[in-house]
Amino acid sequence: MSKSLISRRRAFRRGAFAGSHEKVVSAETPLRALGWKPFFQQQLSLEELTDCEPLRVMAVHRSQIEVSGERGDEVVLVNGPLFEDAQEKPTVGDWLLLERDSRRPVRRLERSSLFRRMAPGAKQVQLIAANIDNVLIVTSCNDDFNLSRIERYLALVKEAGCRACVVLTKSDLLSEHDQYREALKGYRDLPVVLVNALDRASVEPLRDYCRSGETLALLGSSGVGKSTLLNSLAGSELAATAGIREDDSKGRHTTRHRALYTIPDGGLLLDSPGMRELGLADIGDGLAAAFSDISELATQCRFADCAHQTEPGCAVRAAMDAEELDERRVRNWRKLEREVKRNSQTLAESRADERAFSQLVHSALKDSRSRKNRI
Ligand SMILES: Nc1nc2c(ncn2[C@@H]2O[C@H](COP(=O)(O)OP(=O)(O)OP(=O)(O)O)[C@@H](O)[C@H]2O)c(=O)[nH]1
Ligand SMILES: [Zn+2]
């Protein structure tokens, strides 16, 4: 299993009051520190403002979820209509409204962003996290540097609806970085920051992405320096307590999957093993946004179903021939498009299967009811 970004060595609590309680409270309200923004506030009715309290989902377990709000941390049991639909049920980072007195969850607020992935080995989409503001796409200035991988991450981030920044680590191991900057030059509106992740001063330009109230996630392969970067940003080693102990058929076990952690004097960090293996689900829009230059060109091709290979009047081919478009980039775009198409098809089929099954159950129930009525 992949290593967590958060070390388990020292105790480090989840929630708004973890780490530096006094500082968080004096700097701003606990809700704002937890990522409460006007986008969520605007969703509340007058009635909800009086009767309910918003709480952020900090961790999801099989039978309960950990939430954090104005009054601190509490636990909500996973049952009731809110948790029935796999796509709609709360995931880490979501905001829930709880009835002030009964502590009953009333509804989940609309999400500002959502990370989903194709569940490995399954024909389903799995929710990874919601309401992530910023994503650092981390790669190092060495053999790990791979434009196609960065483009894949970018498509996911665009689909999720988050702000992205590429962080190139291990800049201290090289004296010349021009080739990396040059390679990323063509990416519209994508900030690129070179750092020595071991040096606190060097990671300062990234501070804005993890200030109080912001929720951050990191994407990158193993060994590129994600944990090192986080520790330099936090000014200390981020550590976590073991998660809630839950009983299940296999006995008691500790799970720390998918959780938000507070960065001391900063915002929240998503730590999720799911972020390590992100199969592209039906993310056609994210892909088009990450490759907006090619998608725009493709609309000018003579044939609507142009494969951009040998067709006459192909605008993409023409741009490649004129060396205005990188061939590798086009190849990667097509490869990702094929993956998204395949997965979208699989998802559509499995949704159709589910619908057919539920119709079958429905009509069987109807038959049995009408038989009983006749008797
Ligand atoms: N010189 C130098 N070494 C670095 C830098 N960033 C990370 N390292 C080293 O690279 C190694 C891997 O760093 P980690 O922070 O564990 O990498 P990671 O991305 O968290 O890896 P996983 O947990 O496997 O996903 C460690 O030995 C770090 O000290 C850097 O900017 N400069
Ligand atoms: Zn074409």
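Here the Cβ of each residue, glycine as well, is placed from N, Cα and C on the backbone.
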Worksheet item: Given that TrEMBL lists CYS301, CYS306, HIS308 as binding Zn(2+), which residue among CYS210, CYS314 does it place in the same site?
Response: CYS314
Discussion item. Based on DSSP, tally up the residues of the domain 'EngC GTPase' (130-276) by helix, strand and coil.
Written reply: 47 helix, 40 strand, 60 coil
Item to complete: May I ask which of the binding-site residues SER171, CYS306, CYS314 have a CB within less than 6 Å of any atom of ligand 2, listed in sequence order?
Response: CYS306, CYS314
Discussion item. Residues other than CYS301, CYS306, HIS308, CYS314 within 8 Å, Cβ to Cβ centroid, of the Zn(2+) site?
Written reply: ALA298, ARG302, PHE303, ALA307, GLN309, GLU311, GLY313, ALA315, VAL316, ARG317
Worksheet item: For the binding-site residues THR169, VAL224, CYS301, HIS308, which sit with their CB under 6 angstroms from an atom of ligand 1?
Response: THR169, VAL224
Worksheet entry | Fewest other Cβ within 10 angstroms of its own Cβ, chosen from the binding-site residues THR169, THR228 | THR228
Worksheet item: Which ones in the same chain are close to CYS314 (Zn(2+) binding site), with CB under 8 Å and 6+ residues apart in sequence?
Response: CYS301, ARG302, CYS306, HIS308
Item to complete: Based on DSSP, name the secondary structure state of CYS301 (Zn(2+) binding site): helix, strand or coil.
Response: coil
